[in-house]
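*Asks:* Sharing a structure with you now.
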Amino acid sequence: MDAATTIRKLDAWQVAIVLMAALPSIFVLATWDSDGLQTPRAFAVRYLSLPVALCELFIIYLAVRSKFDLPLMLRSVGGIPKLLLAIWALFAFLPLFLSNGTMSLSAFATFQYVLHGIFLAAAIHLARNTHFNDNRRSWSLSVIAIGGCFYVVLLAIFSLLVPDKEAFPWDLRLPTGTNIRQIGYFVAIASVAPLSFVLFGQTKLAGFSVTVTILVTFIAWSGSRGALVGLVSASALGTVFLGGSLSKFRVGIAGLSFVAGLAISLAIPAPGPEFGLVRMVSSLEQEDIGSGRSFVWKSTISEISKAPWVGHGSGSFNKNMRGIYGFDFNHPHQFMLQYFYDWGAIGGGAGGLLLFLLFLTCLRHGRQHKDAAAYASITSLCTIAAVGMIDGALFYPLSIFLAITAVACGFVSRPADK
């Protein structure tokens, strides 16, 4: 069979899932900055997550070519989702016209949220309409698992190739993120796919166990306490929500993979005090743990009270809060506070309810299959929500992209579903 025939036999979902799985690695290459000195263009690519936006646009294009009709889809959803979407849209766009010097920031951030939503609908459309072999659900998720492993391997290669390791700003300049904690959260969401195979898969248990170990090793090395806690808690919640019983042997293998990752991370040199399990333990021993977040949360609540109904606009948090309080954060480190700050109580509440409806939809669909893809779909949402309770996982485009990719795999149909 020649290459042209092979390409013609690939359906749009196969192309889409391979590209979505490769996107984190592409993002690494696009933000490869071995000397740590960013040009303005490189800063824009990293800070605005431009590779993510371009990939989402291409997936939407593939879906449109596969008869994806957004207006028709919107007409087909129930009355409550339509109402919530209308409320969110009103309160997302209204602050654009009321903002004081942050209109361009708010407009771009709002565009990103809209793009995420359309990308979610397009990815689910492609997943539901795929028509290749009987293992389509397992194959789709395995591609994501491999993509996550490649992502971490590329980050490791980057770290080894940094020419001046003493002077390199490790916590700020590793590719794909603007700080090392972000990347830990990305890897936590990417870890859900191989973990799903360890718990629910039928084959290649050893390979996926090793993949989980590799990803957990990176999370622990990154010093991201929230990513580890979020992954563990979400994994347990995903099991409870999906229902059914798990093999004790499988749970034991998953636990051993996790512990092995933690142990291996101890042997990897930490490039700075912000890295490693030692950093996590020392931060837990500090008396002022959480005081920084508490100050940000209290300050955010104070500012929410000044515009409780309309909000301040998407993407305006950093500029506004730096001017008032002097701290330099892009988000309030708690996703519901972020929503209320951006869109007010009504718009933020509508956004939160839309996420909850998405979770219920994934749960209802997942319980029909109870396989690795169903578990990944549910647990990825639990992971990003758990991390989002203490950080900005629902602010970063790449973390949202990774969660949506896993969610879409849960909607891949089996031949019997057609």
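Note: Cβ is positioned from N, Cα and C throughout, glycine not excepted.
Pasting the feature list from TrEMBL:
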- 12-32: transmembrane segment (TRANSMEM)
- 44-64: transmembrane segment (TRANSMEM)
- 76-98: transmembrane segment (TRANSMEM)
- 104-127: transmembrane segment (TRANSMEM)
- 139-162: transmembrane segment (TRANSMEM)
- 182-200: transmembrane segment (TRANSMEM)
- 205-221: transmembrane segment (TRANSMEM)
- 212-348: domain 'O-antigen ligase-related' (DOMAIN)
- 227-244: transmembrane segment (TRANSMEM)
- 251-270: transmembrane segment (TRANSMEM)
- 340-360: transmembrane segment (TRANSMEM)
- 372-390: transmembrane segment (TRANSMEM)
- 396-413: transmembrane segment (TRANSMEM)
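Situate these features within the shown structure.
*Replies:* Tertiary neighbourhood of the transmembrane segment (104-127): same-chain residues 12-13, 16, 20, 48-49, 53, 56-57, 59-60, 62-64, 66, 68, 70, 73, 92-93, 95-96, 140, 313-316, 319, 342, 358, 397, 400-401, 404-405, 407-409, 411-413, selected by CB-CB distance under 8 Å and a gap of 6+ residues from either end.
Here the transmembrane segment (139-162) has long-range neighbours at 13, 17-18, 20-25, 28-29, 32, 34, 127, 132-133, 168, 174-176, 183, 186-187, 190-191, 193-194, 196-197, 204, 208, 211, 214-215, 218, 271, 372-373, 376, 405-406, 409, 412, meaning same-chain residues at least 6 beyond its ends whose C-beta is under 8 angstroms from one of its own.
The list of residues near the transmembrane segment (205-221) in space but at least 6 beyond its ends in sequence, with Cβ under 8 angstroms from a Cβ of it, reads 145-146, 148-149, 152-153, 155-156, 184, 187-188, 190-191, 194-195, 197-198, 227-228, 231, 250, 253-254, 256-258, 260-262, 264-266, 268, 270, 275-277, 280.
In the predicted model, the domain 'O-antigen ligase-related' (212-348) shows an average pLDDT of 88.
Residues 181, 184-185, 187-188, 191-192, 195, 199, 216, 219-220, 254, 258, 280, 363, 366-367, 370, 374-375, 378-379, 382-383, 385-387, 393 of the same chain lie 6+ residues outside the transmembrane segment (227-244) yet bring a C-beta within less than 8 angstroms of a C-beta in it.
Sequence-distant contacts of the transmembrane segment (251-270), counting only residues of its own chain at least 6 positions beyond either end whose CB sits under 8 Å from a CB of the stretch, comprise 195, 198-199, 205, 209-210, 212-221, 223, 232, 235, 276-279.
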*Asks:* Do at least three CB pairs under 8 A connect the transmembrane segment (12-32) and the transmembrane segment (396-413), leaving out pairs fewer than 6 apart in sequence?
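*Replies:* Taking Cβ pairs at least 6 residues apart, the transmembrane segment (12-32) and the transmembrane segment (396-413) are in contact, with 3 or more under 8 Å.
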*Asks:* Assess whether the transmembrane segment (76-98) lies in contact with the transmembrane segment (340-360), where contact requires at least three Cβ pairs under 8 Å among residues 6 or more apart in sequence.
*Replies:* yes
*Asks:* Thinking of Cβ pairs under 8 Å, which stretch from 44-64, 182-200, 340-360 has the most of them with the transmembrane segment (12-32)?
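*Replies:* It is 44-64, which has the most Cβ pairs under 8 Å.
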*Asks:* List, by number or range, the same-chain residues at least 6 past the transmembrane segment (44-64) whose CB is under 8 A from its CB atoms?
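*Replies:* Beyond its ends, the transmembrane segment (44-64) has Cβ neighbours at 12, 15-16, 19-20, 23, 26-27, 30-31, 33, 38, 108, 112, 115-116, 118-119, 121-123, 125-126, 175-178, 396-398, 401.
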*Asks:* Using a Cβ cut-off under 8 Å, which residues of the same chain at least 6 positions beyond either end of the transmembrane segment (372-390) come close to it?
*Replies:* 137-138, 140-141, 144, 185, 188-189, 192-193, 195-197, 199-201, 226-227, 229-231, 233-235, 237-239, 241-242, 293, 333-335, 355, 358-359, 362-363, 365-366, 399-400, 402-403, 406-412
